[in-house]
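Quick look at what TrEMBL annotates:
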DOMAIN    205-294  domain 'PARP catalytic'
DOMAIN    527-619  domain 'PARP catalytic'
Amino acid sequence: MGAGVCDLCHVNPKFVDGGKTYPYCGKACASRAKARGAQVQGHAAPSGGCAVPGCPKAPFVDATGKAGLYCGRSHAELAKNACLVCHKAPRHGHYPWCGKTCGAKAESQATPLLKVPKGHVMFQDVEAQFKTSWKLPLCSPPEVKYIYKIVWSPSSRANYDKYRASVEARGNFTAKGLSAGNECRRWHGTVRECHVGEPGHDQLCGSPTCRLCTIMKTSFHLSTAGKNFALLRFGPGIYTSSDSATSNGYSRNTQTSPVKALLLNKVVVGKCHKNPTFNPLLKAAPAGYDSVVAPAILFAGGDELIVYDDDATLRSSRLLDTLSFMGSATCDFCHSKPKFVQGGKTHPYCGKTCAGKAKVKGGVHPSQAGGCAIPGCPKAPFVDATGKTSLYCGVAHRELAKNACLMCRKAPRNGHHPWCGRTCGAKAESQATLLLEVTNVHATFKDVEAQFKASWRNPSSPPPEVKYIYKIVESATSRASYDKYRASVEARGNFAAKGRSAGNECRRWHGTVRECHVGEPGHDQLCGSGTCRLCTIMKTSFNLSAAGKNYATLRFGAGIYTSSTSATSNGYSRNTQASPVKALLLNKVVVGRCLKDGTSNTGLTAAPAGYDSVVATANTWGGDDELIVYSNDSVRPSYLVMYAA
């Protein structure tokens, strides 16, 4: 797991002696790891004996002198299919225990997590489903690190069995060669506030806001549906997916961790209504059906299965897949190599190269070679009475940094423009498309960040932290085309005379797919992929020819869709590679004369006569507003905003 922190507690640094780095911070964690079997695929051999509990025999030693975990082949084979409670006898059929005694013992302690050893058939079964159901061709499935069996209480199991029996009685699925109630295993991702599931953390936390532990304790509840999302496309139901990559997009840690978590659930599907019409007001499956499924083709992601009864879903197995770049044991800059450890101290970077890059790319530009952070200033940084060194030589340069030209950073910007004058503006445009990082002390950063937070408008979920903001510099020809279109709309509507901006220009959000790491530290160049929608938009702006390629149905036709609500656009932002951040574009849009509350018209290719745009307000669809324009030159990406995933 890397050379940084202890493999068990994930808090203290690993013990280093004579240049050798040990896997644990000390004897206490080493002993706990051995007892918990963290070092081996099954249970560690007790006191040097066979790993099967109660076996007094010594482990088998091969011709090379290598000792196995078990006394012989029979116990090695037993371990692959052993009861998850006693580990002494083989499981009974498909059950996780050997018999009623071990089953009752497990249920009496519900909700316990029983670790499934890596060599066990149950581990291999769940791992295989995770990998084969990862339907994201541009990103291979992560490594499965740990799997735990979730044990239900007898009452929870009884309620689920009763519901399944009632659905089976109506649909007679077993006669059709399906499982009782058409039961299937489906994935679900949610928020984890603790370290449950990591080595040494097999107890559920006590936080009522930790969605993962709450679900494992009490299963799913319709009463919580929609609390984390402004709009549920098929109403307040319980959402799962057959696609592990889709559910991975909803899995999130609130604490630093080298792993993420997914739940694999048993779901009573029953008779399923496929390819339904978008309906955020649904509270039950349509008459004659037990569930709803939105196929992948409908929303350009993996399918989603929705059920509307608490007893239709029961959490079964818990799986953690590694996203090592997010781990505290990896370099804070490249997220791939382990952090450098020296004399027991863990440094934030893997070496001098990443440390140097991080210094240059920092949120506030650090002082250069010990000097003032304003480029070209030879003065030393100011040191206060406590000995704390500033980034700048004095008040004047500290204030300049808050409003400096984004190109030269030596002079203040000219009015609302990002540059100090024409020279810097022309230099920036000659390098288009260019991303210029906006430091977190700059007035532009504060302005964009304030709009992101104020426009989140999701009372059940606070806005994520804004990490990085970049100014997107377009070419001179692209800017000229936009200015010409804005002038034509202004000439028709005379908006400036009414106290509005020319062409009724507004800033609106747009979320899309990011296939690369652009926007993260050290990644300020656009990628070359023709299918990375984010980089394509930043390179060539929006293009109506791409409208509808990611969605089978566009409610107001083939237009360019943006929103005043950052939480709405966040729902469309997606990474195809593992990343600790997500991306949104803040765009300039020529709104002109806008038709509000328009009737849904999927055949629209232009705004209705006399209008320049259409807006679907929150009341129209039960979600937040969406603004639709129908000209390539009516919108331009202005800022790339990176925020915590």
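Positions of Cβ are set from backbone N, Cα and C atoms, glycine also.
Secondary structure of the domain 'PARP catalytic' (205-294), assigned with DSSP and counted as helix (H, G, I), strand (E, B) and coil, comes to 16 helix, 23 strand, 51 coil.
Helix, strand and coil counts from DSSP across the domain 'PARP catalytic' (527-619) read 18 helix, 23 strand, 52 coil. Confidence for the domain 'PARP catalytic' (205-294), expressed as mean pLDDT, is 85.
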